[in-house]
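Structure first, commentary second.
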């Protein structure tokens, strides 16, 4: 009876609720943050600001990989088990890193990062313009009150706008490309650590560290200089779309080279080779 396993733990519910709450807090940052920049920044400066925003978005996962690499080197029961009593190493398949430590650190950082949002003003003076007179502010307040009264009518008009958006070929093409890019990104982040562990004998900490170091800094450089070049050379939306198309097409062609860099399957007794 001592060796019988219990039915299971319900702690996964707390992890699921935590991810839901985290998603609810992170989702408005991109659509509302981009609109915030577009409304109050100059037209020639907004691409650079957006580049900085996306660069910071990539820096988060990069630092997260470094934190995950550090936590994976610590035993899961760190603080309650003496390190001298641990007889296995991080390269052992039975090793379980302190995965929970990263969640606590990220929760604290998210809480601290959310504090400045409480002090953002509802409205700002557009970059490069002087302060508005009081009469203009009063007129704006009257218009806002009128918009609140028509909120129900605007909600009913949302469905036709949504249909028109889905019929826009440029928008739908952008959505399709974004889905492909994020699918590839999520595949790399999910399966590449295990691939490095199995094929090259790396520990979980080393695999996570290598992925963060070799992939994400390059993406940060691309985002930053993309926004900088648009601001420097005053590239319009049409020119930016053509540049993005040809660069993405070149990247997809380079991805095909991975078909010639496949490692041999590792020998597994009973699966790829016989037990003898």
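Using the three backbone atoms N, Cα and C, a Cβ is placed for every residue, glycine included.
Listed by sequence, the residues of this chain that lie at least six past the ends of the transmembrane segment (48-70) yet keep a Cβ under 8 A from its Cβ atoms are 30, 33-34, 37, 41, 102, 105-106, 189, 205-206, 208-209, 211-213, 216-217, 219-220, 223-228, 230-231. What TrEMBL records for 48-70 (among others) is transmembrane segment.
For the transmembrane segment (98-120), same-chain residues at least 6 beyond its ends with a Cβ under 8 Å from one of its own Cβ atoms are 15, 18, 22, 25, 64, 67-68, 71-72, 74-76, 78. What TrEMBL records for 98-120 (among others) is transmembrane segment.
The transmembrane segment annotation in TrEMBL covers 170-188 (among others).
Outside the transmembrane segment (208-231) by six or more residues, the chain places 44-45, 47-52, 54-55, 57-59, 61-62, 64-66, 68-69, 72, 188-189, 192-193, 196, 202, 240 with a CB less than 8 A from a CB of the stretch. The transmembrane segment feature in TrEMBL is assigned to 208-231 (among others).
Among the features that TrEMBL reports, transmembrane segment is placed at 243-262 (among others). Panel annotation: around the transmembrane segment (243-262), residues 177, 184, 235 of the same chain, lying at least six beyond its termini, place a Cβ under 8 Å from a Cβ of the stretch.
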